Amino acid sequence: MDANRVLQFGLVKLPIGLLVLFVGLSVAVFITEKIARKKQLAKDEWTNIIFTLSLVFLIFYKFGWVIFDIKSVLKNPASLIWTTGSPTTILISTVVSALVFLYLIKKHKYPLFTILDLSWLTIAITLFLYNLFIVDYGKVTDLFFGIALQEGSKFNYHPINWYRVLWVGILLIVRFTKWSDLNYAKLLYLYILLGLGLLLISIFDISFNLVFGFTFNQWAFLALITLGGVGLIKTSVD
């Protein structure tokens, strides 16, 4: 499926990529909620956290642009309904959601290890399912496993989404088998491996909307690596 294809529900327009993302997230939360119960979180507590963050993300994704263009809204209030999000609103909604997440952790004093574990699993499962259904063609390649956009095409492209599915799938298998007896070090290594693998895969992707030389996705992957790296350093110092 094409992530950029827009579906219209009455007056509301939503990219199919965003819908698949939330379906994948729902499945991930269903799985991690069962794990959260075993980690002594109250019933539906993890689900409520993700629901709150998703709602915050969706609101700021859909309406975040108003912050920079309030005049257009005053001239045409209907634009609030039919306007979709943008890379800028994705950044805004991500930052706001992260701040809300930190606030909830501090307010309810959730165990850090449990939250990090559930967060990693939620991210990994969501990414796996999203890339399983959303096609992402990268740069042109001569490799035999390249994919043509249409039959008879002279050019083949890197199947970026399948690279991600393979890498994230391997990490999920490791998490539930060899590293089922998880500790802080293994969990932080999982963050580093997830971010590093996806960052290397992004080399074969086509770059758009660069911010200081990196795409939004690459910044997210770097954040995962940084989180794991800083955590390992802090753990070794302590």
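Glycine is treated like the rest: Cβ placed from N, Cα and C.
Remember, TrEMBL labels are computer predictions, not curated facts.
When Cβ-Cβ distances below 8 Å are used as the criterion, the transmembrane segment (16-36) is approached by residues 1-7, 44-47, 50, 54, 61, 85, 114, 117-118, 121-123, 125-130, 133-134 of the same chain, each at least six residues removed from its ends. Marked as transmembrane segment by TrEMBL: 16-36 (among others).
Here TrEMBL flags 48-68 (among others) as transmembrane segment.
TrEMBL lists 80-105 (among others) with the feature transmembrane segment.
Look at TrEMBL and you will find 112-133 (among others) tagged as transmembrane segment. Using a Cβ-Cβ cut-off under 8 Å and counting only residues 6 or more beyond its ends in the same chain, the transmembrane segment (112-133) has close neighbours at 1, 17, 20-21, 23-25, 27-29, 31-32, 35-36, 39-41, 46, 50, 105, 161-162, 164-165, 168-169, 171-172, 175, 182, 184, 187-188, 190-191, 194, 198, 224, 231.
Sequence-distant contacts of the transmembrane segment (160-176) (same chain, at least 6 residues past either end, Cβ-Cβ under 8 Å): 120-121, 124-125, 127-128, 131-132, 134-138, 182, 190, 193-194, 197-198, 201-202, 204-205. Residues annotated as transmembrane segment in TrEMBL: 160-176 (among others).
TrEMBL lists 188-212 (among others) with the feature transmembrane segment.
The transmembrane segment annotation in TrEMBL covers 218-237 (among others).
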